[in-house]
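A.B. asks: For reference, the structure I am asking about is given below.
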């Protein structure tokens with residue numbers, strides 16, 4: 001009994017770590033596991049594929065397919081990171097399958113099926129598209145804004161001695177190399193740039209077989225329609241009879257040409273920089289003139305003197321002899337199909353005392369000449385090639401769009417001269433009403449037409465400025481349309497009857 005009381009009871013062994021210490025260690029272990037998982041799956045893991053830009057229910061035909069050159073490009077990128085590239089191997093070549101017509105149509109989800117494979121009259125075979133024709137309402141708005149800006153700019157520069165459209169047309173019409181000797185100086189008496197805008201519609205993309213490009217080339221066809229009675233030009237000149245002696249007889253002639261309606265199919269295509277230039281057939285080479293002969297003789301003399309000086313050892317390198325070479329640029333070519341429609345209204349007035357009005361034969365000759373001029377320039381197979389501008393962002397062309405409500409810090413440091421100029425120009429624009437660009441030159445008084453027709457007549461009379469806008473007045477019981485141009489010089493006016 002006593003021995004049992006003397007035996008000590010065994011004490012259970014206590015843990016060396018408390019609950020708090022164990023919880024802290026467990027938290028550290030979990031943080032280490034999270035960091036390891038983050039490093040493994042987020043830093044060293046593969047990049048996820050880029051999200052699709054299209055809708056989730058896009059059909060299988062509109063899904064992008066992996067390029068067959070993806071693996072080759074991936075290997076090339078890995079190799080260029082390890083190896084030092086040479087100067088001639090920096091720019092990677094573009095695969096031909098990525099720039100041909102089929103690849104472009106596939107990547108832009110446009111279907112072009114050859115439904116008309118037969119060729120006609122030796123022309124390129126056209127592959128018509130099964131894609132539905134598209135409307136061009138947005139394009140019409142942009143074109144209308146551009147034309148409106150051109151009209152306003154031409155009106156504001158009407159008094160400029162160098163940039164005026166009147167001076168440009170006068171110089172073009174009086175070109176001595178093209179104007180016959182029996183026609184006196186041609187004077188432009190009236191110009192109207194119109195009020196309406198062309199309407200483009202029914203745009204479609206076709207594939208055309210072209211031997212100069214791999215896989216052919218793409219061409220945009222769109223219908224264009226313009227109906228504007230105010231698109232006109234009026235000129236005056238004199239026919240000279242040089243037999244039996246020069247200027248033995250003079251016959252005054254006045255013409256007014258208006259474009260009533262134009263409709264046709266516009267073709268637009270891109271011409272790459274590597275494509276050889278298009279050859280446009282010309283009728284006959286221009287005969288050598290005195291200026292060209294003198295220029296050729298002086299050039300030969302310069303070459304001869306340069307060779308002698310080079311032989312003597314005292315020659316210098318000519319500066320600026322060769323024109324600077326520019327890099328080839330991509331061009332856009334546009335033309336009209338031969339099935340266009342151009343309706344003109346030609347009015348004529350021939351004679352000084354006993355006048356002949358609206359002679360049908362004169363109208364036919366003028367219309368035939370205008371059609372020939374148009375077909376020689378922009379009707380298939382002739383095209384107009386225009387160089388595309390440089391679209392690379394440059395600081396010299398950087399501007400800031402200013403607003404009326406808020407002023408940004410970048411547009412604050414403007415000169416007071418520019419602000420005053422813009423304010424005065426804005427004040428002039430608000431005080432004017434340039435509905436139609438119509439102005440005349442300062443010439444002598446001509447007897448008016450004995451017709452009460454539309455505003456396309458072109459007689460010029462001297463008078464004072466009576467109103468701020470173009471108005472019509474009736475005086476002396478006769479119907480006389482007196483046009484006054486706001487901002488024109490005193491003593492000028494355009495009168496029509």
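Heads up, the Cβ atoms here are built off N, Cα and C, so glycines get one too.
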A.B. asks: Pick from 23-44, 45-66: which range has transmembrane segment per Swiss-Prot?
C.D. replies: 23-44
A.B. asks: Which range, 358-396, 397-435, does Swiss-Prot list as region 'Disordered'?
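C.D. replies: Here Swiss-Prot associates region 'Disordered' with the stretch 397-435.
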A.B. asks: State the mean pLDDT for the topological domain 'Lumenal' (1-22).
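C.D. replies: Mean per-residue confidence for the topological domain 'Lumenal' (1-22): 61 out of 100.
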